[in-house]
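What follows is a short report on a single structure.
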Amino acid sequence: MVLPITLNQSLIMTNELENLFVEQVKTIHSEMDKGTSKGAAFLGWRNLPNEISAGELESILAVAGKLRKAAELVVVIGVGGSYLGAKAVQDALSPYFERKSEDPEVIYAGQNLSGTYIKQLLNYIDGKEVAVIVISKSGTTTEPAIAFRILLEYMQCRYGSSVTERIVAITDKSEGALREMAIHLGFTSFIVPDTIGGRYSVLTPVGLLPLAVAGIDIKELLAGAKDAMRAYSTADIGSNQAYEYAALRNFLLVEGYNIEILASFSPRFATFHEWWKQLFGESEGKDGKGIFPAAVAYPTDLHSLGQYVQEGQRMLFETFVQFEKTEDDCAIPFSTDNLDGLNYLSDKTMNEINEVTLRATMQAHDDGGVPLIHLTVGKHDAYHIGYLIYFFELSCTMSAYLLDVNPFDQPGVEKYKKNISKLLEKPGSVV
Ligand code: PA5
């Protein structure tokens, strides 16, 4: 049977690894089951693929259908976990250049504070039929709140009282300014479950609504996550590759490898790298602990960071994500004059050469003393991306627990948020 995801590692003996972590992983797994692990109140994502109701899915699809009908362009406002998952999956599953005519363009705002960005966005959307999805679990984060204030004013001027048909809010069920606005102004809204934090929320309305609007098959995405949930339900590290990956990372950390580089050879997977960086960085990096998550898009970065990976300080390990099947390919043409000398490649396709480049890179980095983890993913489609999301969410949680940190809080992020409020003299903030 071809597994949706396969994990291989080159330098570590599987038995040695399993023996080191087998009991610890079992204990943590049982603590998660009992709800006694750190931050256990935020483990809601764990059973989410099973628990999301047909009714909720249908209402997400119905609202997405309305927005698709009303708008040729949808602005999704959010930051961190309130935008990265949707953008990662959208980019991973959309064509590079031309979207289908029935799919609206989906663009993002509120993830930066650039006045130039918003000004140019307003110019860009003007004259197009627009809708807005605003996402903030807390409902008070500065970056999306400012972007929404500006977009809301624009939408109200343009659409008057019918603006409520074009704005959807996704936020806490009762807390925060965004919930108040949704009630007061009468927007359609969805709830971010209390039990799921921002960076684990891509399979809630936070990710599912923008993705459904963009024309992504969210049922397939959830089907992949559901199968992953079943596949990784055992506490036995020998049969659970999500736990094996978590253990491997911790093993390498103890050996002095404190930077992990996620590497792929698929340009449209690059935003997924950003989601992965947020997931691991924000979940693990606290109490002076954690592996620093970095990412490279090869072969582009072979011509930049590749030099460092090959010969720089030996404190990094690399996790390759390889998609076995991709949809389109391009053959190398035969040339009668062969001026570029490339006829030796003319029986090959570009994807075949990409795959050879991946193997050549892994071999070189192995020779350079970089421990390698190799994740092969059966196909580049919604099902496998959903599977991969669950794989990483679970392995990240286990990895953080192995470090004895709470995977679900982000006190460091809260610190800078408070400072913004202080420096901008927000009423009620302590100076
Ligand atoms: O993972 C997290 O919890 C954070 O990255 C949040 O998603 C991010 O800070 C945005 O917060 P909010 O959705 O409350 O605006």
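FYI, residue positions are counted from 1 along the chain as it appears here.
Placement of Cβ uses the backbone N, Cα and C atoms for every residue, glycine included.
Caution: TrEMBL annotation is automatic and unverified by curators.
The following features are taken from TrEMBL:
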- E282: active site, proton donor (ACT_SITE)
- K417: active site (ACT_SITE)
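The CA atom of K417 (active site) is located 15 Å away from the CA atom of E282 (active site, proton donor). Over all protein chains present, the Cβ of K417 (active site) has 16 other Cβ atoms lying within 10 Å. For E282 (active site, proton donor), the same-chain residues that are 6 or more apart in sequence and have a Cβ closer than 8 Å to its Cβ are G80, R199, Q410, V413.
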